[in-house]
Structures are given as structure tokens and as C-alpha cells.
Amino acid sequence: MTTTVTSPAPASGAAETKSAAGRAPLRRGLLRWLFVAPALAYMALFFGYPLVRNIVMSFQHYTPKTYFTGEAPFNGLDNWRAVFANELFTDALWHTALFTVGSLLGQFTLGLALAVFFSRRFRLSGFVRAILLLPWLVPMVVSAVVWRRILDQDHGMLNTALHAVGLAPQDGVPWLSSPGVALLSAILVNIWIGIPFNMVILYGGLQEIPRDLYEAASLDGSGPWRTFRSITLPMLRPVITVVLVLGFMSTVKILDLILALTSGGPADSTQTLGTVTYQLSFLQLDFGQGAVVGNVLILISAVFAVLYLRANRADFGKGK
Amino acid sequence: MPFLAGRIRTRRGRVPALAATLACALVAPGLTGCAAEPDPGTVTVLNSATDTAEHTANQRFFDRCGKPLGLKVEQISVPADQIASKALRMASSDSLTDILELDGSELPQFAQTEGLRPLDDVGVDTSGLSASAKSLGSYDGTQYGIARSVNSLALIYNTKLLKDAGVTPPTTWKELRAAAKKLTAGDNYGMAFSASPNADGVYQFLPFFWSAGGDEARIDNGKGEAALQLWKDLVADGSASRSVVNWNQQDVNDQFVAGRAAMMINGPWQVPVLSAQKKVDWAVASIPVPEAGKPAVPPIGGTVMAVPKNDEDPAREKNAGKVLNCLNSEKNQLQWGESVNNVPTRATAAQAYAKQNPKLAAFAELVTTARSRTAKVGTGWPVVGDALAGAFQSVLTGRTSPEQALHRAQQQASAGK
């Protein structure tokens with residue numbers, strides 16, 4: 001992301017030097033471009049090329065045969081039509097939206113609460129904070145498998161615990177076996193996984209806020225809520241945007257968690273764009289249609305990346 | 001190889017493989033493959049034997065066959081669910097192995113590319129194979145793959161629980177429902193099966209769907225509903241857990257081994273786990289059928305070995321053919337089958353197998369009437385399988401009636417073509 005922001009700057013510099021006479025400035029311009037070149041080449045190779053390939057692929061009849069013959073005839077909008085006519089795609093789009101919004105909301109709120117909590121130092125706070133990092137360190141598939149056991153309707157730990165305190169219905173909550181509940185369960189698990197990331201970054205941001213601001217606030221007689229709203233939140237804004245954008249990017253393309261937790265079921269109730277792409281590309285081997293869903297995902301991510309960049313620009317504008 | 005059992009366990013290792021291919025594609029576009037040109041004295045194999053024991057067992061058979069021919073056999077093993085994509089990437093860089101071992105249900109998609117050599121052309125003898133094994137390796141009437149051994153599904157039951165309840169292993173659906181109900185007590189269910197929305201669940205649905213007269217090419221022919229109704233009844237009776245919609249075949253086995261299910265549907269790849277534990281005494285019975293006297297029609301599963309075309313070096317194809325012939329000799333098939341608990345595909349070897357392994361004889365019997373998933377719909381199988389999964393999932397979760405579910409499944413299957 002940073003490379004795209006910085007690259008226009010040398011470009012405009014080069015334009016200025018070109019207007020100036022003499023060879024030395026010209027060489028300097030060339031030199032500037034040489035510094036940019038590795039980054040540009042890297043971007044073109046590792047981001048540009050796959051992106052363009054994926055877009056082209058979505059307009060092709062791209063099947064296993066293509067790998068053997070190299071032939072991928074263009075089929076216009078066929079792939080796009082097929083995908084958009086597929087009920088599963090619309091469902092998955094909706095599930096992805098719910099999953100992303102739900103996960104981000106939960107992860108962020110709880111992460112922020114914990115970060116604020118831990119920013120006051122107390123005994124063992126470092127130790128407890130380290131423990132809270134665990135979900136982040138465990139591979140996602142492993143946590144999903146563990147959660148599958150915890151959420152089992154008959155013998156799962158969660159239902160047993162709820163029974164013990166008399167909160168669960170007679171035959172237990174069908175966490176993963178009912179289409180009405182499974183998506184919520186997946187969101188809850190993902191929140192659990194995402195809290196440490198949010199907490200760590202936000203905690204770091206909190207440490208950056210100068211202490212004297214809080215002192216000044218307390219001298220002015222502001223209470224804890226007012227301090228949080230008028231000092232902590234605004235000072236934390238850049239960090240918050242980063243956390244949310246990164247969280248969004250990793251949540252919207254969710255695949256492994258869902259595959260390990262529910263395989264998209266029951267009755268397709270946890271199908272997301274990620275699982276649909278996986279199904280199309282790797283099980284049905286229809287790479288063209290898989291690419292269409294992939295492109296939709298890229299488009300959604302791109303929209304948010306642009307929003308993020310604009311938000312950042314606004315920040316800089318205000319500061320200077 | 002257990003039928004797609006290693007799906008979750010094996011996700012690691014994808015990133016390095018991907019990175020390597022990426023680097024390969026970037027550094028050497030246009031070159032003929034990234035892999036160094038293989039040594040003429042070797043035969044390379046792409047398979048899913050990532051498990052050390054399985055890899056070693058495979059190598060023993062490969063060495064046994066390669067040595068007399070003066071050939072060295074090298075295995076490249078990747079997790080089962082990555083075989084197809086790995087093979088495709090290799091094909092695009094002209095570096096496909098001399099032998100490709102993939103799941104039988106994936107064969108049509110590869111055969112359709114015309115990148116595989118008909119086994120007849122490289123002198124592989126498939127004449128003595130059972131009809132069901134032949135159909136597992138063929139596409140459009142041509143034999144492209146040969147299976148050394150195959151698996152199917154049967155009813156595995158807890159002998160003690162059945163004896164205590166005075167229940168004999170059910171042979172019909174009616175008996176199954178009654179027995180399951182009788183065997184359900186407290187925390188324990190009478191019956192367990194996998195109805196997960198992936199290949200595992202579909203594999204388990206097929207013996208019921210097919211035995212009822214269901215047809216994957218015409219899903220809404222009015223006969224498959226009975227199978228859906230049976231599954232639904234088992235869950236509605238409380239004889240099977242509602243969690244079956246989440247259970248893969250491994251989970252079902254876990255439940256059985258934990259003593260929480262008196263009967264289960266499962267395959268012979270669970271035998272090592274079942275034999276290793278002492279808690280539950282078990283036995284294998286044939287899969288129950290809708291009415292007494294009707295034949296059981298279970299699915300046939302397992303991997304097949306195919307020979308990718310190699311126009312630059314036809315000698316390599318011939319070598320691969322020789323190795324395949326040796327691997328599929330009666331003696332080698334029998335020994336291989338015993339080492340992986342699967343049934344050999346040569347009719348004579350299968351008979352010997354049943355005699356030597358009376359405990360698994362039911363599987364040997366079932367395999368003879370078993371059907372290949374791709375025999376009718378060929379490359380359309382992944383879409384059809386998905387449609388069937390959607391049907392039983394929506395019925396078991398109470399979203400639709402069996403009739404509606406199969407009607408919708410047929411629509412999905414036709415739309416996906």
C-alpha cells in the first residue's frame with residue numbers, strides 16, 4: 001500500500017527536472033526512477049500479473065484441459081452470468097457481509113475494551129496479556145477443530161456448561177447443526193480468533209498517546225467516559241483505521257475456518273465467497289467461474305482500500 | 001488411501017508448494033518445465049502417500065516391481081485434496097509424473113483433457129478386474145486408470161451392545177430403523193453416519209440413494225426420496241444425532257469408538273483405528289437395503305493409477321505400463337489390499353482376500369455390486385455430488401421436504417452443466 005502512495009512523488013519530481021535544461025538533472029531523474037524501479041517491478045510481477053490473469057481468466061472457458069493444451073477460449077460474459085444466476089452466490093455474498101460486519105464489530109469492541117483495560121498496569125497484567133495472545137498463535141484450522149468439539153450439540157463443552165447453569169434448552173443449542181445458528185457460531189469463533197490481533201495493535205496505539213493529555217483532561221475535571229471519547233478515541237484514530245482495514249481484508253476472504261468448522265453447511269448456511277471460490281475452482285475445477293467470484297472479492301477489498309487511503313489523506317490534510 | 005479422510009489434517013504445506021510453482025512460472029516461462037529432465041532409468045509417481053507408513057509401504061511395492069525391470073521408482077506425495085491441482089500445475093509446465101495416482105472420482109476430469117494415455121496402448125492388462133473396478137478407472141468406455149484395491153461402505157456394529165439389546169444386525173431399512181431405536185439409550189445413539197456437506201457425506205448417502213433406485217443422472221426420478229426419508233426418520237426418531245450434518249466419516253468413527261453409537265456406516269480404511277482400540281468389539285455387516293432380497297448398491301471408492309501422455313519420450317510411458325502391470329499382479333494386489341485393508345480388484349485376488357480376512361469379507365462382497373460415482377455422469381460428478389449434498393442437508397435440517405429437495409438438486413445439477 002505504501003509503495004503506491006510514494007511512487008507518484010518521484011514521478012512528479014522527474015517531470016520537473018525534465019523541464020530544466022542540462023544532462024545532470026536528467027541523470028538525476030533517471031536515478032530516481034531506478035530507485036522506484038525495483039518496487040514497481042515487484043508490484044507488477046507479484047500483484048499486477050496475477051490480478052490481470054485472474055480478470056482475464058474470468059472471461060475464459062478455463063478447465064483442466066487448459067492446463068494440458070494451453071487453450072482457454074474466451075466465452076464473453078458466460079462465467080459472470082452463470083455465477084450471478086447461482087443462488088448460492090447471492091447467499092454467500094450476504095453471509096460474507098454478515099460474517100465480516102459481525103466479526104469486525106465483536107473483535108474490535110472486545111479488543112479495544114481489553115486494550116484499554118490492560119493499558120493500566122497492574123500485577124500479572126503482562127502475563128494475562130500474553131495468555132490472551134494464544135488464539136492468535138494457534139493455527140486457524142486447529143482452533144476450528146477444537147471449537148467443533150466445544151460446540152457439539154450432544155457432548156460439547158459449551159452446551160454442557162450452559163446446562164449446568166440452566167441456560168440451555170433441553171436438547172442443547174444446535175450451534176453447528178442448525179442453519180439458523182451456524183453462521184452466528186462461526187462469527188463467535190472468528191471473534192475469539194481476532195481479539196488478540198485487535199488488542200495488540202490498539203494497545204500499541206494507546207501507549208503512543210502522551211500521558212500529559214490525560215493529566216490535562218483530569219485537571220479540567222473530565223470523567224473517564226469523556227476522557228475516552230475526547231482524547232483516547234481521536235488520538236487512536238489512525239490505528240483504528242489500520243486495524244479495521246486489516247481486519248476487513250482478512251475476514252472478507254475467510255475460507256479455512258469455515259471449511260474446518262462446517263464445510264459451508266448445514267444447508268449452505270455458512271457458505272461465504274471464499275468457500276464458493278474454493279468449491280468452483282478446486283472441486284468443480286471450473287477455474288473461469290472461480291475467478292469471477294475471486295474478482296468480486298478483489299473488487300470489494302479494493303473499494304475498502306480506496307476508502308482507507310482517502311481517510312488517511314484527510315488525516316494528513318488536517319495535520320498540515 | 002482412506003477416501004478423502006485427510007482433508008483437514010493436511011492443509012499445511014500448501015504455501016511452500018504454491019510458492020515453488022510461482023517461482024517456477026516466473027523464472028522459467030516458456031522453458032519445458034521447471035523440474036530437471038528426469039533420469040531415463042526412473043519412473044516418477046505422483047500420489048497422496050504423505051503418511052510415512054503409507055509412503056514406505058508404497059515404496060516397497062514400487063521397488064519390488066521396479067528392480068527386475070532395472071527401474072527406480074520415485075514418489076512425489078502431496079495431500080489427497082491437492083493431487084488434482086498439483087497435477088494440473090505440473091501438466092502446464094510439462095513436468096507431469098510418469099504415473100499419476102488420483103481418486104477415482106477425479107479421473108474423468110483428467111481423462112477428458114486427453115492428457116492421459118489409454119491403458120491398452122501401454123500394455124496394461126485390465127482383463128481380470130471386477131466390473132465395478134473397471135468402471136472406476138474408465139471414462140467414455142476407455143480404460144485410463146487401474147485401481148489396485150478398492151473400498152466401499154458397510155454397516156459396522158458394536159457386537160456387545162447389539163447382543164445386550166438382543167438385536168441382530170439389520171438387513172433392511174425397516175429393521176435398521178427399529179434396531180437403531182432399540183439401541184438408543186441415554187447419551188448413546190443407535191446409529192451414526194456422516195451427512196457432512198462434502199465428499200464424505202455424499203459418499204455415505206449413495207448406498208441409500210442407489211439402493212432405493214435413485215439415479216444421479218435423473219435425481220428427481222421419484223425414487224431417491226425414500227433414502228432421504230430414511231435419514232430424516234433416523235434423526236427424527238432420536239436414533240441418530242442431529243450433529244450428523246457436521247460429522248465427516250472420521251467423526252463418525254470417533255463416535256463409534258467412544259461407544260456413543262451402536263452402529264455406523266463406514267469404510268475399511270477405519271480398520272487400523274478400530275483394531276488398535278480395545279474398548280469396542282466390532283463386526284462388519286452388509287449395508288441394509290430397502291426391502292429384503294434387493295441387492296445393496298454401495299459406491300466404490302479408491303485411487304486409480306493413470307499414465308499421462310508423454311509424446312517426447314514414449315519409452316517412459318511403456319516403463320510406467322510395465323510397473324503398473326507388476327503392481328496389479330494377483331499376488332501384489334492381494335498383499336497391497338491386505339496392507340491397506342482394501343479389497344483387491346482382480347476377482348481371483350478378491351476371493352483370496354475374503355477367505356483370508358473373514359472379518360472384512362462383507363466389504364469384498366459389497367465391492368462386487370458397488371457402483372462408480374462417475375460411471376453415469378462423468379465429469380459432471382462434482383456438481384451432481386454438491387447437489388445431492390444440498391438435498392440431504394436441507395432435508396435433515398428441516399428446511400425442505402425430500403421431494404422438493406431432490407427437485408431442486410436436479411435443477412442445480414442441470415444448471416451446472
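Here the Cβ of each residue, glycine as well, is placed from N, Cα and C on the backbone.
Keep in mind that TrEMBL annotations are predicted by a computer and have not been checked by a curator.
Keep in mind it's a predicted model, so treat the numbers as computed, not measured.
In TrEMBL this protein carries:
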type: DOMAIN; residues: A:93-308; note: domain 'ABC transmembrane type-1'
type: TRANSMEM; residues: A:33-52; note: transmembrane segment
type: TRANSMEM; residues: A:92-118; note: transmembrane segment
type: TRANSMEM; residues: A:130-150; note: transmembrane segment
type: TRANSMEM; residues: A:181-203; note: transmembrane segment
type: TRANSMEM; residues: A:239-261; note: transmembrane segment
type: TRANSMEM; residues: A:287-309; note: transmembrane segment
Per Cβ pairs under 8 Å, the stretch of A:33-52, A:92-118, A:181-203, A:239-261, A:287-309 packing most closely against the transmembrane segment (A:130-150): A:181-203
Highest-contact recorded stretch vs the transmembrane segment (A:92-118), from A:33-52, A:239-261, A:287-309, CB pairs under 8 Å: A:239-261
Positions whose Cβ lies under 8 angstroms from the transmembrane segment (A:239-261), at least six residues beyond its ends: 96, 99-100, 103-104, 107-108, 111, 140-141, 143-145, 147-148, 176, 185-186, 189-190, 193-194, 197-198, 201-202, 204-205, 208, 233, 270-275, 277-278, 297, 300-301, 304-305, 308, 311-312
